[in-house]
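Quick look at what TrEMBL annotates:
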{"type": "TRANSMEM", "residues": "6-21", "note": "transmembrane segment"}
{"type": "TRANSMEM", "residues": "28-50", "note": "transmembrane segment"}
{"type": "TRANSMEM", "residues": "210-231", "note": "transmembrane segment"}
{"type": "TRANSMEM", "residues": "252-275", "note": "transmembrane segment"}
{"type": "TRANSMEM", "residues": "345-371", "note": "transmembrane segment"}
{"type": "TRANSMEM", "residues": "392-414", "note": "transmembrane segment"}
{"type": "TRANSMEM", "residues": "492-514", "note": "transmembrane segment"}
{"type": "TRANSMEM", "residues": "526-549", "note": "transmembrane segment"}
């Protein structure tokens, strides 16, 4: 009994030192700078709101700087903005310019028909397709017959065995579709004979398409099966750690709801950045710039007048609306304000993520260091961890997120410069830019890894960011074999779980949108192109699964660091017992011996 009482007293003393002792604020200077930046960010948003034109926010603007759907304008009855090529919006320069480099028109409704240009001209439907062409457009002799009309529209009204099982079900479905289409008239046509079409449903009517899907899924199935066979011991270790994480989450169920708080805070940051960016971009008068079709035009991105014929000096180029600007001091430094807006946004987003990681780490560490689980787990561990992170470690979290934000801003600027200078670069310059982008990408990944483990040490010991980064890095280096065994395998299992959820939702959505579920056929809306909502549903389900699986990932990383610390501080004796569960200790020890033997051989 004396030993038991001594251990209980020792446990409560350790818990008091780790979680309930009066902590001092860490990295106070960075905390003060962070608060000043937030106040400055609020001032920047206020200035942008004063100088911006609300109409330019509410109403979309076409390539000629005219509002869509605004009264007393030529486009009063055309409230929808039509993009010629939406893919050009997927460009890093859009983050700064806030304008897609493609022709934009105001239309009354989105197109619901698809045709090549010559087919539309040679049929009686030209009056319909004419409304989606630039004013004054006429068919010329230089039109290429193979050019397709690609329409995009923006409405201004605005786990290892389960992955294997999913592949098997996909292989069965592909075989069933292939067997059904075999022998049907027109289904045996080769894909190469069909050519490129924007309507993907055409390919789903070919047996060769499903044969390709079936072969691809079979190859993936074989690869996954081989990985499961050769990595079975590491998978067992990772699964054991995930099971321990599941026990921790079952005792602290509130951690599953914390991603909602993170999502809410991130939504506020994104909304504030977007509104500020739009108001900054809508300040001043309309500015037009030369938008070439390739990078060979020497007048690219230079200002121009809307009625200027640019095609004489740059064939195919257009003088399109770019942004709103002026000649005042405010307008001359508008690019600097955009960069400040972007930098503050990146800092706040990274701080929000860091706050979530530190909060979850503190909650899960309180579970691990409880000698008698769950009786010794402190009350309200998530709330206590969140309070400690905000009260004492705002500066440390801001310090780590500041470093990451600087690297991310440098990557965005590099992408922007690479896009702007692409036409005038030589081979050496392109190689240099490629090396810089690769280096900054690797640096960002490394900093994220260091920050994540530093936040865990901050949540446990309450030290500064630099000290916690050093301690966590040294601790991981002293346990490099265990890190190699668990890190990537655990991430792979969690990734398979995300794929399982998003894939299952995607399959159900596919059957729903294609009306292959007889019970709800009448409730399904008629869609001309079901792949857009299908991909949206898959992406949304993956992001939701990613948010909740991050709780498991943070739990596993925290328990792993606590496990390494437990092994160094304790020896399993009656006076210094391990805080880990016996099952976890047994399987981790077995995995370590197997990894050591494998390295020696």
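Cβ coordinates come from backbone N, Cα and C, glycine included.
Heads up, TrEMBL stuff is auto-annotated, nobody curated it.
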Exercise for the section: State the residues, same chain only, that lie 6 or more residues beyond the ends of the transmembrane segment (345-371) and have a CB under 8 A from a CB inside it; answer 'none' if no residue qualifies. Expected result: 7-8, 11, 14-15, 18-19, 34, 37-38, 41, 245, 248, 251-252, 254-255, 258-259, 261-262, 265-266, 269-270, 272-273, 377-378, 381-382, 384-386, 388-390, 393, 397-398, 400-402, 404-405, 408-409, 451-452, 455-456, 458-460, 551, 554-555, 557-559, 562-563, 566, 577, 579-580
Problem - Cβ pairs under 8 Å between the transmembrane segment (492-514) and the transmembrane segment (252-275), at least three - result: no
Completion exercise
Tertiary contacts of the transmembrane segment (526-549), defined by C-beta under 8 angstroms and 6+ residue spacing from its ends, are 112, 199-201, 256, 259, 262-263, 494, 497-499, 501-503, 505-506, 509-510, 513-514
